[in-house]
Amino acid sequence: MTIALGRFTKDEKDLFDTMDDWLRRDRFVFVGWSGLLLFPCAYFALGGWFTGTTFVTSWYTHGLASSYLEGCNFLTAAVSTPANSLAHSLLLLWGPEAQGDFTRWCQLGGLWTFVALHGAFGLIGFMLRQFELARSVQLRPYNAIAFSGPIAVFVSVFLIYPLGQSGWFFAPSFGVAAIFRFILFFQGFHNWTLNPFHMMGVAGVLGAALLCAIHGATVENTLFEDGDGANTFRAFNPTQAEETYSMVTANRFWSQIFGVAFSNKRWLHFFMLFVPVTGLWMSALGVVGLALNLRAYDFVSQEIRAAEDPEFETFYTKNILLNEGIRAWMAAQDQPHENLIFPEEVLPRGNAL
């Protein structure tokens, strides 16, 4: 019996082949299959955000002005979260809440779920775009893997956290000052800065900034012109065709500075990838924990001693008092629908007061 080996060839192109040829064609802006997800979602997310910050009020959901039309500026305008009474409703335009009424849909906070969901899928589409292009030009997919960090943070903060709470109301609104308010909320209600996952996130982001600055400066310092040795000052020519730098010189320099240095470029650049991505993933995990109201460090012994001894106070106990103040002063303003009233005598005061 004879077995013929070979590639199967089609006589004519089907619809998939035709679409594949058009989507993956070499053009100024690559589209690709990922573009079918990325471009519509990014368009709707950005369009919804610009529409909301320009025209839509938050009076019906938060009792706030939040649009340029009402007098806000770029820092104070926002697309606000839906009302707390709407819980985790997707707030579809044709759903039972808005019933196809676009004005009412905007008043209820429908633009927030619209922007959040399209934004999440737009980010996923951008990561798939990096996968697709990397595969097309036969690169490793580390760019896409790195971009999973920002996606994890976005999904955990804007989607998973409010899903663990009573509704979308407790997610961040899409605006600069609104994000600042959310950060204060996280600190007051979750003591977020003392959370080890937040600490790892800060170490990752600031460590990555330090590594980036050191790496950029070192490469600039050790650039040399081909054929003229590694004299970094005399030989540097910004018009040379190809930028090159001396790893040997850089290694010698940092060995003298710190006593240790990266010995090869692969380990160096992997470390620069690992630090920020791991930090972002750890902070995302921490936010998932907060969604479930998990607590981090509680130094109860210090709190008890501070309550018993007016002269004993630590930075931790001071921060706990500050958090109580945030909760007491913020809750009434942040959740007006609850009609919270705190008498003066229950508002926290430090030992010095």
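We number each residue from 1, going along the chain as drawn.
In case you wondered, yes, glycine gets a Cβ from its N, Cα and C as well.
Residues or ranges marked as N-acetylthreonine in Swiss-Prot: THR2.
Annotation source Swiss-Prot lists phosphothreonine at THR2, citing similarity to another entry.
Residues 67-70, 72, 77-83, 106-109, 111-112, 114-115, 118-119, 121-122, 125-126, 169, 173-175 of the same chain sit 6 or more residues outside the transmembrane segment (41-61) yet have a Cβ under 8 Å from a Cβ within it. Residues or ranges marked as transmembrane segment in Swiss-Prot (evidence: sequence analysis): 41-61 (among others).
The feature chlorophyll a ChlzD2 binding site is assigned by Swiss-Prot to HIS118, with sequence analysis given as support. Taking a C-beta cut-off of under 8 angstroms and a sequence separation of 6 or more, HIS118 (chlorophyll a ChlzD2 binding site) has the following same-chain neighbours: CYS41, ALA42, PHE44, ALA45, GLY48.
Residues or ranges marked as transmembrane segment by Swiss-Prot: 125-141 (among others). Listed by sequence, the residues of this chain that lie at least six past the ends of the transmembrane segment (125-141) yet keep a Cβ under 8 A from its Cβ atoms are 24, 30, 32-35, 37-39, 41-42, 147-148, 151.
In the three-state DSSP scheme, ASN143 (pheophytin a binding site) is classed as helix. Within the same chain, residues at least 6 positions away in sequence whose Cβ sits under 8 Å from that of ASN143 (pheophytin a binding site) are GLN130, ALA134. Annotation comment: Swiss-Prot describes GLN130, ASN143 as pheophytin a binding site, evidence class sequence analysis.
Among the features that Swiss-Prot reports, transmembrane segment is placed at 153-166 (among others), with the record citing sequence analysis.
Among the features that Swiss-Prot reports, chlorophyll a PD2 binding site is placed at HIS198, with the record citing sequence analysis. Note on HIS198 (chlorophyll a PD2 binding site): other Cβ atoms within 10 Å of its Cβ, all shown chains, come to 22.
Marked as transmembrane segment by Swiss-Prot on the basis of sequence analysis: 208-228 (among others).
Positions annotated as plastoquinone binding site by Swiss-Prot, on the basis of sequence analysis: HIS215, PHE262. Other C-beta atoms found within 10 angstroms of the C-beta of PHE262 (plastoquinone binding site) number 19, with every protein chain shown included.
What Swiss-Prot lists as Fe cation binding site is HIS215, HIS269. Secondary structure at HIS269 (Fe cation binding site), taken from DSSP and collapsed to helix, strand or coil, is helix.
Annotation source Swiss-Prot lists transmembrane segment at 279-295 (among others).
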Inter-residue Cα distance where the pair is HIS198 (chlorophyll a PD2 binding site) and PHE262 (plastoquinone binding site), in Å: 28
For the transmembrane segment (279-295), give me same-chain residues lying six or more residues beyond its boundaries with a C-beta closer than 8 angstroms to one of its C-beta atoms, as numbers and ranges. 148-150, 152-153, 155-157, 160-165, 186, 190-192, 195-198, 200-205, 207-208
Protein Cβ atoms within 10 Å of HIS215 (plastoquinone binding site), excluding its own: 16
Between the C-alpha atoms of HIS269 (Fe cation binding site) and HIS215 (plastoquinone binding site), the distance in angstrom, to the nearest integer, is 9
Cα of HIS215 (plastoquinone binding site) to Cα of HIS198 (chlorophyll a PD2 binding site), in Å and rounded, measures 25
